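Heads up: the structure comes next, in structure tokens.
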Amino acid sequence: MAQAKKSVDIKNIRNFSIIAHIDHGKSTLADRFIQMCGGLQDREMQAQVLDSMELERERGITIKAASVTLYYTHPNGQEYQLNFIDTPGHVDFSYEVSRSLAACEGALLVVDAAQGVEAQSVANCYTAIEQGLEVLPILNKIDLPQAEPERVIHEIEEIIGIEATNAPTCSAKTGLGVEGVLETLVDVIPAPTGDREAPLQALIIDSWFDNYLGVVSLVRIKDGRIRKGDKMLVKSTGQTHIVTSVGVFNPKHTETGVLEAGEVGFVIAGIKDIFGAPVGDTITLSTTPEVASLPGFKKVKPQVYAGLFPIDASDFEPFREALQKLQINDSALFFEPESSDALGFGFRCGFLGMLHMEIVQERLEREYDLDLISSAPTVVYEAVTKKGDTIYIDSPSKMPDGSVVEDLREPIAECHILVPQEYLGNVMTLCIERRGVQKDMKFLGNQVSITFEIPMAEVVMDFFDKLKSCSRGFASLDYNFIRFESSSLVKVDVLINGEKVDALAMICHRNDARHRGIALVEKMKDLIPRQMFDVAIQAAIGAQIIARSTVKAMRKNVLAKCYGGDVSRKKKLLAKQKEGKKRMKQVGSVEIPQEAFLAVLKVER
């Protein structure tokens, strides 16, 4: 649907993002903005308008950044165009936030007036300040009886270090004070700079694949303008495409026919090649190929690797296509083909964390209708061989033999944790259990900010869940990779009837290996169905067996027909049965159910 484009002077445009910790009310505030500026009629309104993915609505979290263009009339009578981007709050998606911020001049830092500042709001806020944005703190949930605005304003100034005495307060749920937030943001956030008459220069902030339209790109126009029918040039590929549609989301997909400097909107050029318009690339017109490329985004490195395999081998090609389509939309996803003796052909995928992995697997299963099975996730280890070569190990099967390795190193994460004083002891105990080393501690009002260096393998698994449960949900975490450090690491193999099962192997610290091995074989014992012969499950480090359990055979009562009978007759029948079971064991193979592969993930420490 096309509509007459309102031409707004560049000084009346405001581009901003909303950043906050999980559950501090970003998406609800976005809903209120849309409602007040008449983006949608009341009947079209629903909670979390911008979280369009089913998964986002179910879990109540934002995964993808979404952009919206609204028109707002200020009390001074001027009309402003607001382009805002709703960003995710979860630590696994912080790269989405930094991408969104590149398109803005300002950011609204939403803080829950009852909960106060949390680690993720601090991390995202620093990202915004580094990129030179104007940060406007806002206190949300002011209608709650437990809201303490004075304490929270003090916390924002203490912990983050930005002026917050005049921070607007609002309740996104009831709509109280939201008008004031809009007024303040128009006054505080600077207008974009750019020359509408200069040659076109635009940054691709995000892109996704539509089966009918091809690649849809979300762009921020720095200079110049782009119209429907223009011939555009993608700088990195050097290819030209005819623009078929240009417009904005308000939040409905609305064609406007032209986008001008300072604006954020979508461009569709019928690009069918999945890699035709990479995120972070610059587009210009084919008549001005000399326009400089804008600085893109730094590539994010995956922190967790896991094998994903289709249950049905014939799904391998559709699976590859699905991953490629998902990768346009999710630049942090990495994958390469892998084969496993136990699971067949699949892909080794790299993710930013466990939540990211879960989301990707769930999106593949829902949106592309695939049945997938995953192997145990591992982090990337660094090994130095005796010849002096450095190799990176992202899967236990790639672990070289101990005789050729000089040094094994594991990744260390720097974790910043914010926790109320009364839970400090529990959190410290948890960090030390996870082989953490304390680096710093600051008391800020009622909150304590602690910094630990913890091995990445301990952080990405279930550290976040454990941290939440030992602090009743009050602690918050932000972490980033800092370096590799030498460590005593071993590979634990799982043998079933003497044969190694590659998909069940894991790499862990030598001190943990024994009890993790025992816990794993005990768990496997419950999950592998009983066979007609004994099944031995063993955990081994190299040639040394560290744990064993046996799934007992099902057996028929061969003595049932003997009644009184002679004892030697009974012995003969039992010996015959034993002989048969032995023969069966030599030729029998054991089916391992999917749950058994997942057991590796769930082994408690």
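Using the three backbone atoms N, Cα and C, a Cβ is placed for every residue, glycine included.
Per Swiss-Prot, the features are:
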type	residues	note
BINDING	Asp23, His24, Gly25, Lys26, Ser27, Thr28, Asn140, Lys141, Ile142, Asp143	GTP binding site
DOMAIN	11-193	domain 'tr-type G'
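DSSP assigns Gly25 (GTP binding site) to coil, not to a helix or a strand.
Neighbour density at the Cβ, taken as the number of other Cβ atoms within 10 Å, is lowest among the binding-site residues Ser27, Asn140 for Ser27. Mean pLDDT of the predicted structure over the domain 'tr-type G' (11-193): 74. For Ile142 (GTP binding site), the same-chain residues that are 6 or more apart in sequence and have a Cβ closer than 8 Å to its Cβ are Ala113, Pro149, Thr169, Cys170, Ser171, Leu176, Gly177. Cβ-based neighbour count (10 Å, all protein chains) for Gly25 (GTP binding site) stands at 24.
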